[in-house]
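Per Swiss-Prot, the feature ATP binding site maps to GLY120, THR121, ASN122, GLY123, LYS124, THR125, THR126.
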Amino acid sequence: MSKAHVIGLGKSGVAAARLLKREGWEVELSDGNTSKTLLQQQQELAAEQITVKLGQSLELNGDNLPQLIVVSPGVPWDIPVLIKARQLGIETIGEMELAWRNLRWRSQPQASLPWVGITGTNGKTTTTALIAAIFQAAELDAPACGNIGYAACEVALSWSGRGAGGREQGAGGDREVNSSSSPSLDWVIAEVSSYQIESSSSLAPRIGVWTTFTPDHLSRHKTLENYYNIKAKLLRQSELQVFNGDDAYLSQLGLSAWPNAYWTSVKGKDFLISEKGFYIENGWVVEKLTATSAPEPIVKVSTLRMVGEHNQQNLLMAVATARLAGINRDAIARAIQEFPGVPHRLEHICTWEGIDFINDSKATNYDAAEVGLASVKSPAILIAGGEAKAGDDTGWLAQIQTKAAAVLLIGSAAPAFAQRLQEVGYYSYEIVETMERAVPRSAELAKEYQAPVVLLSPACASFDQYPNFEVRGDRFRELCLAWAAGGKLQHNLMLSSSL
């Protein structure tokens with residue numbers, strides 16, 4: 001029996017281990033951490049004949065080496081053991097690559113399962129969720145997976161084969177027509193991070209989407225050029241390509257780098273980089289599929305409930321993807337009208353005495369936080385801070401000076417952020433350190449400044465105080481709802497819970 005080793009006991013690692021076990025591999029899984037939760041998972045997987053080693057790292061010694069190593073997305077691709085594995089000729093891949101191979105090999109060549117792959121520094125989760133909603137409104141079985149939180153290997157595990165029906169051709173894509181009740185997939189809608197692209201050698205989507213590109217994850221990828229080339233790999237391996245033409249970096253490369261791509265622009269037809277693409281004109285998303293085709297209105301922009309120009313960019317890319325897959329206007333309009341948005345991305349939590357509390361915890365870098373602040377009403381009370389990342393904060397600071405009545409700083413970045421605010425002549429800030437102090441203070445300041453919005457948009461990672469941005473956003477939501485329910489009566493309880 002062939003032996004496989006999976007690194008990382010998160011959702012992706014567990015799904016990969018189970019998929020390999022189902023395919024007949026002897027599976028071992030390791031994680032350098034140990035906790036009560038991990039020990040429980042260890043017992044559950046042991047019952048499935050999957051060996052789990054906690055508090056240990058993979059070592060490649062002796063003769064009993066694995067034939068395959070699968071890494072979870074959070075595992076750096078250049079750690080010594082993986083470099084050694086490749087030198088020894090041990091195939092080393094990521095969890096998403098494993099899912100891609102499994103689903104592709106189970107499909108017939110004449111009816112291969114198409115994927116949409118969405119990547120980008122910011123905007124990819126919202127775009128992924130909106131694309132999946134549109135495909136599902138068109139009655140396609142098209143799960144969203146990957147970096148969005150549902151592992152691609154979980155999709156592979158849940159799929160037991162296609163139905164007995166044939167396939168229908170659509171403009172730019174095809175769809176399966178099921179004539180049995182057997183579970184089937186029509187598309188896979190995958191949000192793909194740079195980490196996942198890096199470890200996926202053969203992933204080749206039918207449609208690739210690139211939302212934005214700004215400096216991020218440079219502690220892992222070292223240089224901006226490396227980061228760009230990793231992202232570009234996914235698009236180069238995609239049959240059709242959709243780009244955000246309003247992104248400064250991507251548009252600068254333009255047709256010279258991507259001559260056959262479909263480009264988008266919220267600014268109108270005159271700003272479209274190529275002769276084909278999708279743009280906004282007179283309040284409509286307009287489609288122009290070829291240089292000679294007439295422009296066609298597809299859906300009203302006002303159908304989308306989410307605020308901000310960046311969400312109009314996300315809308316354009318989602319509509320472009322849907323049209324290239326052959327989905328009709330009615331399904332697109334229906335899905336967009338019903339789309340509620342994505343948690344932690346300008347998520348409206350509650351309204352208290354006329355003040356909206358908005359959760360933008362996913363804004364983990366300066367660019368995303370700048371967009372978040374630009375998208376809300378002013379003046380706003382901003383909560384920012386956490387674990388700082390490298391990047392250019394110029395635009396973010398300018399947006400604070402324009403839109404923020406006051407800034408409340410939390411986390412380890414608070415002193416550095418305070419210094420940067422002073423350097424640009426902005427002094428309406430307070431270091432409050434914790435979310436428990438920030439929420440009640442933000443409510444007080446909003447009343448004082450008559451600010452219509454309290455916005456959590458950290459411009460930082462969460463790891464100094466929280467396991468991830470979701471937990472940070474959930475805590476903000478919990479505190480906001482408690483404040484709205486009890487007002488100042490909750491203040492002392494919040495403060496005591498932070499001590």
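For all residues, glycine too, the Cβ spot is worked out from N, Cα and C.
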Those same-chain residues, other than GLY120, THR121, ASN122, GLY123, LYS124, THR125, THR126, found with Cβ within 8 Å of the centroid of the ATP-site Cβ atoms are ILE118, THR127, THR211, THR212, ASN314
When you measure from the Cβ of THR125 (ATP binding site), how many other Cβ atoms are you left with inside 10 Å?
23
CB neighbours of LYS124 (ATP binding site) within 10 A?
24
Please name the residue among the binding-site residues THR121, THR126 whose C-beta has the most neighbouring C-beta atoms within 10 angstroms.
THR126
